[in-house]
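To start, the structure itself, in structure tokens.
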Amino acid sequence: MEQKNGSSFTGFILLGFSDRPQLELVLFVVLLIFYIFTLLGNTTIIALSHLDPHLHTPMYFFLSNLSFLDLCYTTSIVPQLLVNLRGTDKSISFAGCVVQLFISLGLGCTECILLGVMAFDRYVAVCRPLHYTVIMHPRLCVLMASASWLFGITNSLLQTVLIFRLPLCGRNKLDHFLCEIPALLKLACTDITMIQSEIFFVSALDLLLPVAFIMFSYGRIIRAILRIKSAAGQRKAFGMCGSHLTVVTLFYGTAIYAYLQPSNNYSQDQGKFISLFYTIVTPMINPLIYTLRNKDVKGAMRKVLWKDYDSK
């Protein structure tokens, strides 16, 4: 950040929902419950994927990565938000804002790529079932997961540095509940046309390229499923992909609406509630989607619970 912001600059004020004090208590209770369910649900998925040998497959390896990502993503935002909702102090330190933006942006970018990798896994499972174990080798799975994380972190580092080099001229009131790029850009006291274009271009690549790959993969998957003659076989194949497709729709639908729509097309309050959905609600319901529609996960859960009961 440039020196003309002043040496006295120490942090930001997150206005959040402070203009609606009657809403803050309701949001605190609801978000605390959601956060607890997010921790329990995603931790359960990770634990089951490691404890049950039947879940030691590429699909559940990527799913445990997604659950760990959602845990970190939500934890980078919700604790600070809960503190701000219940207290009069709405501030966040400069370093805290930098860290929050870096982590949330990096994990969001990682999830974009990881969902594309999971679509490739489903494509191989449905369209190349006889070669699945050969193609989806453990080393390839680790390589693809690592590449997703590396891309997300690198992209986040570049964008975070770019944002915090902008001069703010002492402005520190963020009309949001978290440090997010659109809100930070509004504080800049310089022409941001160029940087807005650059960020829009990068965001479009991060979102639309994985979406295009996912759509291509599912186009091939649907063609393969329709060639299956038995209705039971079609239902099984659709069941293998239904959970992932639901998660993709929820995540990309809200993210594209939030990042690829011109900011003057929706109100700031609307933007806050959209952000609440993809930062808090989506990570909470992802484990529910995968457990409610997945016999393997439900079976693993029953085995672990019965094993603990029998040991007592």
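Placed from the backbone N, Cα and C atoms, the Cβ positions cover glycine too.
Please treat TrEMBL annotations as automatic predictions, because they have not gone through curation.
The domain 'G-protein coupled receptors family 1 profile' feature in TrEMBL is assigned to 41-290.
The feature transmembrane segment is assigned by TrEMBL to 25-48 (among others).
Non-local neighbours of the transmembrane segment (60-78) in the same chain are 31, 35, 38-39, 41-43, 45-46, 49-50, 99-100, 103-104, 107-108, 110-111, 114-115, 117-118, 121, 138, 141, 145, 148, 178, 247, 279-280, 282-284, 286-287, 290, 296; each lies 6+ residues outside the stretch with a CB under 8 Å from one of its CB atoms. What TrEMBL lists as transmembrane segment is 60-78 (among others).
As annotated by TrEMBL, transmembrane segment applies to 98-120 (among others).
The transmembrane segment annotation in TrEMBL covers 140-164 (among others). Residues 1, 58, 61-62, 65, 98, 101-103, 105-114, 117, 120, 181, 184-185, 195, 198-199, 202, 206 of the same chain lie 6 or more positions beyond the ends of the transmembrane segment (140-164) yet place their CB under 8 Å from a CB of it.
Look at TrEMBL and you will find 199-216 (among others) tagged as transmembrane segment. Remote same-chain residues near the transmembrane segment (199-216) are listed as 109, 112-113, 115-116, 119-120, 155, 159, 162, 181, 185, 248, 252, 255-256, 259-260 (criterion: CB distance under 8 Å, separation of at least six residues from the stretch ends).
If you look up TrEMBL, you'll see 237-260 (among others) marked as transmembrane segment.
Within the chain, the transmembrane segment (272-292) has long-range Cβ neighbours (under 8 A, six or more residues past its boundaries) at 16-17, 31, 34-35, 37-38, 41-42, 44-45, 63, 66-67, 70-71, 73-74, 77-78, 104, 176-178, 180, 243, 246-247, 250-251, 254-255, 257-258, 266, 298, 301. If you look up TrEMBL, you'll see 272-292 (among others) marked as transmembrane segment.
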Non-local residues, at least 6 beyond the ends, that sit with Cβ under 8 Å of the transmembrane segment (25-48): 17, 55, 63-64, 67-68, 70-71, 74, 78, 81-82, 85-86, 276, 280-281, 283-284, 286-288, 290-291, 297, 300-301, 304
